[in-house]
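Asks: According to Swiss-Prot, the disulfide bond annotation covers C28-C67, C45-C64, C53-C85, C93-C132, C110-C129, C118-C150, C159-C189, C167-C186, C175-C207. Marked as domain 'Kazal-like 1' by Swiss-Prot on the basis of sequence analysis: 24-87. Taken from Swiss-Prot, the feature domain 'Kazal-like 2' applies to 88-152, supported by sequence analysis. The domain 'Kazal-like 3' annotation in Swiss-Prot covers 153-207. Positions annotated as N-linked glycosylation site by Swiss-Prot, on the basis of sequence analysis: N33, N76, N98, N196. According to Swiss-Prot, the feature signal peptide maps to 1-23.
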Amino acid sequence: MTMASVLVLLSLVLCCFPDTAFGVEVDCSKYPNTTNEDGKEVLLCPKILNPICGSDGVTYSNDCLLCAYNIEYGANVSKDHDGECKEAVPIDCSKYANATNEEGKEVPLCTKILSPVCGTDGVTYSNECLLCAHNIEQGTSVGKKYDGECKKEFATVDCSDYPKPVCSLEYMPLCGSDSKTYNNKCDFCNAVVESNGTLTLGHFGKC
């Protein structure tokens, strides 16, 4: 099997908005592996579509591709449940009273009541109203993953070998601290170097 074929197999990761973060371990030892040109272990995953939802809220095409993602990014994602991840929880921002800020823009009048929610950007908001306010002020469309604080990713991305002049087309998305989705590690690390290290990992998967 060529290296290109391996990259294609590893790129069959489908994404959706994150959900919950507890799951069961997947037995990755049953999948064959090989070594790529950089001397790194990669898994040879089948193209079988049997989607699972990872504990990071990302939908993987099958168990093997979740394992491949863990190896590639040094993550420890487990399986939350079989099937695709659920969509973000809808929120009704119209129920909050509005006021006009200094810029003449209408923004919700939010209380200081602490009732944290986790946004689809991986950021914890003190309450649902403040998530709505963030969307209006920043022009974003962040949804609510679930009630409660976001469960943090402890994995990091090693960008010491970057930048690189050309990145592959493999799709293993990462969400940067700038709320931008990067197609793969190479795209993300090139951006990290360009930002002089100010860009960090928000979470694995699409923003």
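For all residues, glycine too, the Cβ spot is worked out from N, Cα and C.
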Asks: How big is the gap, in Å, between the Cα of N98 (N-linked glycosylation site) and that of C129 (disulfide bond), rounded to a whole number?
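Replies: So the alpha carbons of N98 (N-linked glycosylation site) and C129 (disulfide bond) sit roughly 11 Å from each other.
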Asks: Quick check on the domain 'Kazal-like 1' (24-87): DSSP residue counts for helix, strand, coil, in that order please.
Replies: 14 helix, 16 strand, 34 coil
Asks: May I ask which of the recorded positions C28, C64, N76, C159, C175 is closest to C118 (disulfide bond) if we compare their C-alpha atoms?
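Replies: Ranked by Cα distance from C118 (disulfide bond), first place goes to C175.
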Asks: Reported as an integer number of Å, what is the Cα distance between C132 (disulfide bond) and C110 (disulfide bond)?
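Replies: Their Cα atoms are separated by 9 Å.
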Asks: By a simple count of other Cβ atoms within 10 Å, which of C132, C159, C175, C207, the disulfide-bonded residues in the record, is least packed?
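Replies: Taking C132, C159, C175, C207 as the disulfide-bonded residues, the minimal 10 Å Cβ count falls on C159.
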Asks: Mind tallying the domain 'Kazal-like 3' (153-207) by DSSP state, helix then strand then coil?
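Replies: For that range the per-state counts are 10 helix, 9 strand, 36 coil.
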Asks: Mind giving me a neighbour count for C110 (disulfide bond)? Other Cβ atoms within 10 Å of its Cβ, every protein chain shown.
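Replies: So the number of other Cβ atoms within 10 Å of C110 (disulfide bond) is 19.
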Asks: Enter the number of other CB atoms within 10 angstroms of the CB of C186 (disulfide bond).
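Replies: Other Cβ atoms found within 10 Å: 19.
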Asks: According to DSSP, which of helix, strand or coil covers N98 (N-linked glycosylation site)?
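Replies: Going by the DSSP assignment, N98 (N-linked glycosylation site) falls within a strand, counted as strand.
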Asks: Among C45, C189, all listed as disulfide-bonded residues, which has the most CB atoms within 10 Å of its CB?
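Replies: Within the set of disulfide-bonded residues, the most crowded position is C45.
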Asks: Calculate the distance in Å between the alpha carbons (Cα) of N76 (N-linked glycosylation site) and C129 (disulfide bond), and round it to a whole number.
Replies: 32
Asks: Any same-chain residues 6+ apart from C28 (disulfide bond) with CB under 8 Å of its CB? Would you list them in sequence order, or say none?
Replies: L43, D63, C64, C67, N70, I71
Asks: If you measure C53 (disulfide bond) to C207 (disulfide bond) at Cα, how many Å is it?
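Replies: Per the Cα atoms, C53 (disulfide bond) and C207 (disulfide bond) stand 16 Å apart.
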